[in-house]
Amino acid sequence: MLRFIIFFSLFIHLCVAAPQTPAAAAAVPAKKWLTLNGQEPAVVARGGFSGLFPESSASANDLAIGTSSPGLTMLCNLQMTKDGVGLCLSDIILDNATTISSVFPKAQKTYKVNGQDLKGWFVLDYDADTIFNNVTLVQNIFSRPSIFDGQMSVSAVEDVLGTKPPKFWLSVQYDAFYMEHKLSPAEYLRSLQFRGINVISSPEIGFLKSIGMDAGRAKTKLIFEFKDPEAVEPTTNKKYSEIQQNLAAIKAFASGVLVPKDYIWPIDSAKYLKPATTFVADAHKAGLEVYASGFANDLRTSFNYSYDPSAEYLQFVDNGQFSVDGVITDFPPTASQSITCFSHQNGNLPKAGHALVITHNGASGDYPGCTDLAYQKAVDDGADVIDCSVQMSKDGIAFCHDAADLTASTTAMTIFMSRATSVPEIQPTNGIFSFDLTWAEIQSVKPQIENPFTATGFQRNPANKNAGKFITLADFLDFSKAKAVTGVMINIENAAYLASKKGLGVVDAVKSALAKSTLDKQSTQKVLIQSDDSSVLASFEAVPPYTRVLSIDKEIGGAPKPSVDEIKKYAEAVNLLRTSLVTVSQSFTTGKTNVVEEMHKGNISVYVSVLRNEYISVAFDYFSDPTIELATFISGSGVDGVITEFPATATRYLKSPCSDLNKEQPYAILPAEAGGLVVVADKEAQPPASAPNPPLEAKDVIDPPLPPVANLAASNATGGAQSHPPPASGTVANAANLGLSLLAMLALGV
C-alpha cells in the first residue's frame with residue numbers, strides 16, 4: 001500500500017544510521033539494575049507509538065518497532081466484537097478512538113460496566129467485518145496530531161502478532177463484562193493457543209486464575225493490574241487498596257503487577273514529587289515484578305522533571321534505591337533512550353560531540369533568568385557557556401537581565417507602575433525599563449520566572465518563581481571564573497539608544513568589566529560577545545581572544561555568499577532561530593534549509609536558539625521530546641552550539657554514548673527527518689504549505705556606526721534621585737500603560 005511505502009521512506013535513515021553489528025557494545029560496562037531479576041527494565045509500547053499515530057494502528061506499531069530499543073514489548077488492549085474477533089483498541093467504547101459515531105450516528109447505547117453506567121458506541125454491538133469495512137481510527141488525545149484521523153484501519157490481534165514484534169503483551173480489561181454478554185476472552189486466547197503472546201495482564205483476579213494453567217504451559221507471563229486505589233476489583237469486590245496490603249497473595253496467580261506510576265512516586269497538589277512509596281520494594285520482596293503505567297511525553301507531570309520526559313523515566317529506573325521492571329509508554333523511543341542511553345551515567349562521561357551547551361539566561365527553565373540561582377543551576381547541570389544579557393541601570397551599573405524591560409521577569413509592575421514609559425526604539429509596547437531605575441531600585445524588586453507559554457496554562461517551577469537575586473556583570477564574571485566554566489557569552493543590545501538617549505555606554509561598561517576580570521588577556525575560558533548590531537561587534541575587533549557572535553533574530557531561508565562575507569567582517573559565529581534551520585508548520589517540520597552548510601563554508605560557526613523542554617514548543621517530528629530536537633540540530637544539522645533554557649537536558653544527551661552516530665552500538669539517538677512525518681497523512685489533511693523564508697541579505701548585516709555617549713553623566717550621577725518625565729508625556733504613558741499594569745497585577749496575583 002502507498003501509505004506504507006511513504007511511511008517506511010520516513011524511517012529509511014534508521015537502516016543507514018543503525019549499526020550493522022553490536023560488536024562495539026561489548027566495550028560498554030554492564031549496567032547493574034535494581035530490578036527484580038537484575039535485567040534491564042522493559043519498554044512496553046501502549047498501542048505502538050500511540051503518542052503520534054492512533055493507538056494500535058499499523059503505522060503506530062511499525063514506528064514503535066523501528067525507533068525503539070531491540071527488546072521492545074508491544075501492548076494491545078483487547079476488545080471483542082459480537083462475533084468473537086479480538087481487536088486492539090484503547091477502550092470498550094469506540095467513539096473516542098474511531099469514526100464510529102459519524103458512521104452510525106444513532107447507534108449509541110448504555111451498558112453497565114463494572115457497576116457503572118457507560119454511554120457510547122460499544123465494540124460488542126458490531127461484528128468484525130462491520131468494523132473493518134466501515135470504521136477507521138482517530139487519535140484519542142486531542143493534543144496529539146489529528147491529521148492522521150480517519151486514514152488507518154482498526155487492527156485485529158492477529159494483525160499485530162503478524163508484524164512479529166520482539167514481544168507481545170495483551171491487556172484484558174473487561175473479562176467480566178464480556179462474559180456477561182456471552183463473549184469469553186479466555187476462550188479466545190485458547191483459540192490462539194497463546195501463540196506469540198508473552199504477557200497477559202488484567203485487573204480481574206478471576207480471569208487471571210482462569211487462564212493460569214494454559215498460560216503456564218505456553219510460558220506466558222501473567223500480570224495483575226492495579227486500578228485506582230478506591231476502585232473495586234470485580235472478582236473479590238475488594239478495593240485495590242485492600243489487595244495492595246497482601247502482595248504475597250498475588251504471587252499465587254501472577255508473576256508481576258502493573259500499577260499507575262503514582263503508586264510509586266506520588267505527586268502532591270502543587271505538582272511536586274512526594275517521597276517514594278515502598279511499593280516496589282514490597283513487591284520485589286514478594287517476588288513480583290513491577291511495571292509502571294501512564295508515561296507520555298505530552299502530559300503535564302511533576303515540576304521536578306523540568307518538562308523533560310527522560311528525567312521522569314530515570315526517576316523510576318535509576319534513582320539509586322530501586323528500579324521498576326518495565327514502563328508502559330505512549331512514546332517508546334523516549335523510554336528506550338532513557339533506559340539504554342541515559343541510565344547510570346553518573347555525570348562523568350565525556351561529551352560525545354563538540355557542540356557547546358550555552359544557556360539562555362542561565363537555567364531559566366528552572367529559576368528566574370539571570371539570577372544567582374539560575375547560573376548556579378546551569379553550572380550544576382553541566383553547561384559549557386553561561387550567558388549574561390547586559391542591561392544598564394540609570395546610575396550606570398551593568399547587570400544581567402534578559403531585557404531592558406523589567407515587567408515580564410520581575411515584580412517591578414507592583415512597585416514602579418507609574419514609571420512605565422514608551423520606548424519605540426526598543427519595543428512596540430510600554431514597559432518599565434532598567435535605564436529609568438537606579439540599581440538600588442532594581443534590587444528592591446524580586447526576580448520572576450518567565451513562562452513563555454503562560455497563555456496555554458504552562459507554568460515553570462512555581463515554588464521558586466521569585467527565587468534568587470540579580471547580579472552585576474562584574475559579579476557574573478567573578479562567578480564564571482570561580483566555577484571554571486568553559487566560557488561566557490555577553491549579549492549587548494540597544495547600545496545605540498543607550499548611548500545617544502540615556503548617556504549610558506554599555507559597550508564601554510562591558511569592556512571595562514572584562515578587563516578588570518582579566519578575561520581579555522587569557523585563553524583558558526572562552527569569551528563570546530553577542531549582539532544583533534554589527535557596529536557593537538566591530539568595536540570588539542581589537543580583542544583577538546573574543547569570539548564575536550551576530551544574533552540574527554528573524555527567520556532566514558538561506559545565507560548567500562555575499563551575506564556570509566559581510567558577516568565575516570564583524571563576527572566569527574551567528575546565533576540563528578530554530579526555524580531558520582528547520583521550517584515548521586502547525587507543529588510539523590516541513591523542511592530543512594542549507595543555512596548551516598552555507599555558514600560553515602564561510603568558516604562561520606552556528607549556534608541555534610532558543611531550545612525549551614515544554615512539549616508544545618517541540619515539533620511532532622521530534623516525538624514531543626526535547627532530546628530528539630537536540631539530536632536533530634546537533635547530529636542532523638551540525639550546529640556548533642545550542643542555546644537552551646534547560647542545560648541539563650542538552651548535557652545529558654551530549655554525554656550519552658548514544659549521541660555519537662559514528663560508533664557502532666545497539667541503539668542510537670537519531671535526528672528527525674525534516675518534513676518526513678507530515679507526508680504520511682493524506683494530502684488534504686496536511687497543513688497548507690507556507691512561503692519559504694527569504695535569504696539573508698548583505699544589507700541586513702550592516703548597522704550604522706555607534707553614536708558617541710551623550711554627556712548626561714551629571715543627571716545619571718544623582719544616585720537614588722528619581723527623574724520624572726514631563727507631565728504631559730508621563731500622563732500619556734501612564735494612561736496607555738494602565739491595561740498592561742492591570743493585566744500584570746492580575747497575573748502576579750496582586
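Placement of Cβ uses the backbone N, Cα and C atoms for every residue, glycine included.
The signal peptide annotation in Swiss-Prot covers 1-17.
Mean model confidence for the domain 'GP-PDE 1' (41-339) is a pLDDT of 97. Marked as domain 'GP-PDE 1' by Swiss-Prot on the basis of sequence analysis: 41-339.
Per Swiss-Prot, N-linked glycosylation site is recorded for ASN134 (among others), and the stated evidence type is sequence analysis. Secondary structure at ASN134 (N-linked glycosylation site), as computed by DSSP, is helix.
Around the Cβ of ASN304 (N-linked glycosylation site), 16 further Cβ atoms fall within 10 Å across all displayed protein chains. Annotation comment: Swiss-Prot describes ASN304 (among others) as N-linked glycosylation site.
Sequence annotations record features per position, and here Swiss-Prot assigns domain 'GP-PDE 2' to 355-654 based on sequence analysis.
Taking Cβ-Cβ distances under 8 Å and a sequence separation of 6 or more, the neighbours of ASN603 (N-linked glycosylation site) in its chain are LYS568, GLU572. Residues or ranges marked as N-linked glycosylation site in Swiss-Prot: ASN603 (among others).
Per Swiss-Prot, the feature N-linked glycosylation site maps to ASN716 (among others); the stated evidence is sequence analysis.
Counted within 10 Å of its Cβ, the other Cβ atoms near ASN134 (N-linked glycosylation site) come to 14, all protein chains included. Classification of ASN304 (N-linked glycosylation site) by DSSP places it within a helix. Annotated pair ASN134 (N-linked glycosylation site) and ASN304 (N-linked glycosylation site), C-alpha to C-alpha distance, rounded: 45 Å. Following the DSSP three-state reduction, the secondary structure of ASN603 (N-linked glycosylation site) is coil.
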